[in-house]
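Reviewing the structure listed below.
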Amino acid sequence: MHRYKKEASNLIKLATPVLIASVAQTGMGFVDTVMAGGVSATDMAAVSVAASIWLPSILFGIGLLMALVPVVAQLNGAGKREQVPFEIQQGAVMALLISIPIIGVLFQTQWILGYMNVDAVMATKTIGYIHAVMFAVPAFLLFQTLRSLTDGLSLTKPAMVIGFIGLLLNIPLNWMFVYGKLGAPALGGVGCGVATAIVYWIMFLLLLFYVTTSHRLRQVQLFTTFHPPQLNAQVKLFKLGFPVAAALFFEVTLFAVVALLVAPLGSTVVAAHQVAINFSSLVFMLPMSIGAATSIRVGHMLGEKSTEGARIASHVGILVGLSTAVFTALLTVILREQIALLYTDNRVVITLAMQLLIFTAIYQCTDAIQVIAAGALRGYKDMRAIFNRTFIAYWLLGLPTGYVLGLTDWIVEPMGAQGFWIGFIVGLSSAAAMLGVRLHWLHRQNDEIQLNYEAR
């Protein structure tokens, strides 16, 4: 029991800065939504649709680079910090390379919106937002590379501080470019994209300054020796990161595709859907931060060749995450009207958003289990298991269920947005079950097999 309490303390110390950093980053989306909503419902809806295209694209790149966290954590646990600079420099190369196709995908926004029959005015604003924010792609991915370094070394506070600075900068920059203050043009929802691009470049430069000047990273000597790009290293990183990226892509696109499918239902439905999605993303930061901390702790324990420590870290992560999820689910149900009022004063939007917030409360517990179990499996570098199971859960179970219930009369009369949210519940709950079973299976293997996964 003492080891569990000690592990819980270590986990919370790691997870708290990750949580604050993640909330700050997601809070930027909240600020975008609220400020765009202050212009018009169409601007608010445009930001929602733009996020549905931007997030899956950029998060695929982030997923590739997330593989660096357990790599760094295991090297740190094994006392091999001298190997860390090579891995991070190769990660920076990967970040720049993957920026090219991501920007290429973002350039296809007009085609995507045309295919989805989105309203012309909303489409114009959405395209403007995407064209502005695509300039942030390299900065966003390079920031993630450096964050993989600090997080992997169990230094989660730097990203927290910089994330909070980014949020504080995003508010006045949005104010300037959305409403046309201090001589800036009044761009409406497009101004949110301009502000976001500026903020991400500032955040990258701040983290770069930290890792090159902090006395806590002197032993790492990140840029003392230049390591040229190596094809084998790039292939290895890609193979390790691709399943994580694909799994993250599957989950995010489950929400993003639904937002695009909901778009033709009108601005009111889109706005209510965006309220529920944005708040759900804020709440999701709790279990996601615990999952990230669990990944770090599992990786560190495996670096020390302690499979028992890795098992305890996994169990503690799930217990802590499930406890917080029960609490947030209850608060969501009780305060759903007040939550909706934070986003808009449109009563029609509020009424529909309150209904959708009930669905967010329902799946919070299973969502916590799936994201923390995935974090533990990342610590083991059991990436393929995450890939396979999330694909089945999100694309073969969740999305088809949502589509059938939301837009067809095959089972019941078309339920609209509510049907898609039932699909979310099915997908996330299925992922929780499958990933939880996989983690339990891994824990039952002997030490040699578990450490063999670690060595992959």
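Start at 1 and count along the chain as shown; that gives each residue its number.
Backbone N, Cα and C define each Cβ position, glycine as well.
Now, the feature entries from Swiss-Prot:
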TRANSMEM  11-31  transmembrane segment
TRANSMEM  53-73  transmembrane segment
TRANSMEM  93-113  transmembrane segment
TRANSMEM  126-146  transmembrane segment
TRANSMEM  159-179  transmembrane segment
TRANSMEM  189-209  transmembrane segment
TRANSMEM  242-262  transmembrane segment
TRANSMEM  276-296  transmembrane segment
TRANSMEM  315-335  transmembrane segment
TRANSMEM  356-376  transmembrane segment
TRANSMEM  391-411  transmembrane segment
TRANSMEM  417-437  transmembrane segment
Stretch of maximal Cβ-Cβ contact with the transmembrane segment (53-73) [cut-off: under 8 Å; candidates 11-31, 126-146, 159-179, 315-335, 417-437]: 126-146
Please figure out which one of 189-209, 276-296, 356-376 racks up the most CB pairs under 8 Å against the transmembrane segment (315-335). 356-376
Pairs 6 or more apart in sequence, C-beta under 8 angstroms, 3 or more of them: is that satisfied by the transmembrane segment (417-437) and the transmembrane segment (356-376)? yes
Top stretch among 11-31, 242-262, 356-376, 391-411 for CB pairs under 8 A with the transmembrane segment (189-209)? 11-31
